[in-house]
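Residues annotated as Zn(2+) binding site in Swiss-Prot: Cys69, Cys71, Cys87, Cys90. The Mg(2+) binding site feature in Swiss-Prot is assigned to Asp489, Asp491, Asp493.
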Amino acid sequence: MIDQYKHQQLQIGLVSPQQIKAWANKNLPNGEVVGEVTRPSTFHYKTDKPEKDGLFCERIFGPIKSGICACGNSRASGAENEDERFCQKCGVEFVDSRIRRYQMGYIKLACPVTHVWYLKGLPSYIANLLDKPLKKLEGLVYGDFSFARPSTKKPTFLRLRGLFEEEIASCNHSISPFFSTPGFATFRNREIATGAGAIREQLADLDLRIIIENSLVEWKELEDEGYSGDEWEDRKRRIRKVFLIRRMQLAKHFIQTNVEPEWMVLCLLPVLPPELRPIVYRSGDKVVTSDINELYKRVIRRNNNLAYLLKRSELAPADLVMCQEKLVQEAVDTLLDSGSRGQPTRDGHNKVYKSLSDVIEGKEGRFRETLLGKRVDYSGRSVIVVGPSLSLHQCGLPLEIAIKLFQLFVIRDLITKRATSNVRIAKRKIWEKEPIVWEILQEVMRGHPVLLNRAPTLHRLGIQAFQPTLVEGRTISLHPLVCKGFNADFDGDQMAVHLPLSLEAQAEARLLMFSHMNLLSPAIGDPICVPTQDMLIGLYVLTIGKRRGICANRYNSCRNYPNLKVNYNNNNNSKYRKDKEPHFSSSYDALGAYRQKLISLDSPLWLRWNLDQRVIGSREVPIEVQYESLGTYHEIYAHYLIMGNRKKEIRSIYIRTTLGHISFYREIEEAIQGFSQAYSYTT
């Protein structure tokens, strides 16, 4: 379909019977209206021409050959004379044969039929709106039981039966024959509702706004009750609250989309264009046909049988009519979803029929096979690798992909900045990879997000926005924390990169799709950007340290030389390397020693720490207290060391740690400070 902005789009939803007729009906010059498929036949066995009013009728779906009618007459398609658009003899329109790819027909059902997607789907929309159990609705649809229509203006047989139960008991011998008389048809049509018609009546009587109001009132009452202490009652109350929320959302959606609930029950069944369900003739008189045609034939045959019985309702038993209605319902269910009734329907060769749902869904379905996965402009594709130096909202684009994606923007800026005079020279500069090209490319990329997508896109986190940066090589660099949303890993997975062009698309990418704004799962609300796999192993290796314990070095290693740089490469100090643990006054000194290869990531060391009240006020008992000749002392604990003067004042604190712990702590501290600055800026 085409919207008001002339954008082509595909929309799946409910339509009214009037819209289905409008898709199919055509008015012939003689006043006849064609569009209804009434016969299950396809092609004539002698002439191999489509049967009139059949599933391949040329009057309904258009000519097989462009500009040639069923009679063999021809006329140039698109001629100006409207009186000659249709053949006066056969009624076929002189148009291009491609019309058979989109011209639809319809089957007028003799009884209403529920749409199986909305009845048996999870959740069941029909059961949700009617607030009734699904099993009861299924029993009503398939004729297992009926219900009495409410009637307030006049007494009915069913109502009087409750008032005169004793009198009726004495007349049982005369009441039973009544149900086999012609008068029962009138009684049934007036007072008894069964099948999908009963569902349609109930849906038509619904007031969606009242449903929303009543559901909201009931939800508030359940919310005010709180917990009763009974686990079973609390569970039922919780399930009921979830159901009420879902019911309100569904009713609101029907109101917003201008869809009537009774449209979930079909009175007209659309017939697909014949080119989408072809019949192919092969050598040796072999015919290959789509399963959809066979399912349509079954629907038409059963529907015609039901229409015949309804015309002779005075002679047809009520049970036979109800049984035929059930057969029509099952035939339509099989057409829409073959496995909806449990075991899928099979043909004479024990092969499962492929229904409309089977044609649409899955990897080989119409959408993913034909419509999706095609090449589009301003896009690229490459293998993803880990980018540990990237921020959460960044991705690394190879130079080749970046220059191809942003080529038009680079050409525009080259001409605007008078670095070149025309497009041809600008393309030559790009091809020759001049330095000014990379400068402009980085400037363009700085303000333009890109979209990364990994197939299959099963939820909205399968495509996210990132700020691109240039990287060497031919792979896309990705922050490891965003992999869970994409369900990606770095074992050869590929991702596609797309460039949003319009200002609306760029604004949506920045406001809604950036990776740092999608930290929680949209389904359950749990954090989705959490360390996994390689990150956990790296953090473990970084912070494991050497678990030799403080007692291995008599607690006081190098205490007299706080900033001593130990030469581990000197063989004479091998004993010193084993026993002595260096002291550092700051983390920068420790990092400097690591860069000089004096210590390793997991080597224990003593780091001077700020006076911390948590340490000072701790009730932990020191392992050992050492006093020196000048009156100073050292209180040695399991993981820290307190140095004091002769006045019992704490002079400094050293903690026992490793360089891996220091690096991890600094990263967390910088992240918290950056978050605090960003939060204060936004507020």
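In case you wondered, yes, glycine gets a Cβ from its N, Cα and C as well.
Of the candidate binding-site residues, Asp489, Asp491, Asp493, the one lying closest to Cys90 (Zn(2+) binding site) when CA atoms are compared is Asp493. Cys87 (Zn(2+) binding site) has a Cβ environment of 23 other Cβ atoms inside 10 Å.
One way to see the shell of the Zn(2+) site is to take the Cβ centroid of Cys69, Cys71, Cys87, Cys90; the remaining same-chain residues with a Cβ within 8 Å of it are Ala70, Gly72, Asn73, Gln88, Lys89, Gly91, Val92.
Among the binding-site residues listed (Asp489, Asp491, Asp493), Asp493 has its Cα nearest to the Cα of Cys71 (Zn(2+) binding site). Within the set of binding-site residues Asp489, Asp491, Asp493, the entry lying nearest in space to Cys69 (Zn(2+) binding site) is Asp493 (CA atoms).
Fewest other C-beta atoms within 10 Å: among the binding-site residues Cys69, Cys71, Cys90, that description fits Cys71. Same-chain residues that are not part of Asp489, Asp491, Asp493 yet have a Cβ within 8 Å of the Cβ center of the Mg(2+) site turn out to be Ile384, Ala488, Phe490, Gly492. The binding-site residues under consideration are Asp489, Asp491, Asp493. Their Cβ neighbour counts within 10 Å are lowest for Asp491.
A gap of 63 Å separates the Cα atoms of Asp491 (Mg(2+) binding site) and Cys87 (Zn(2+) binding site). Asp493 (Mg(2+) binding site) and Cys87 (Zn(2+) binding site) are 58 Å apart (CA-CA, integer value).
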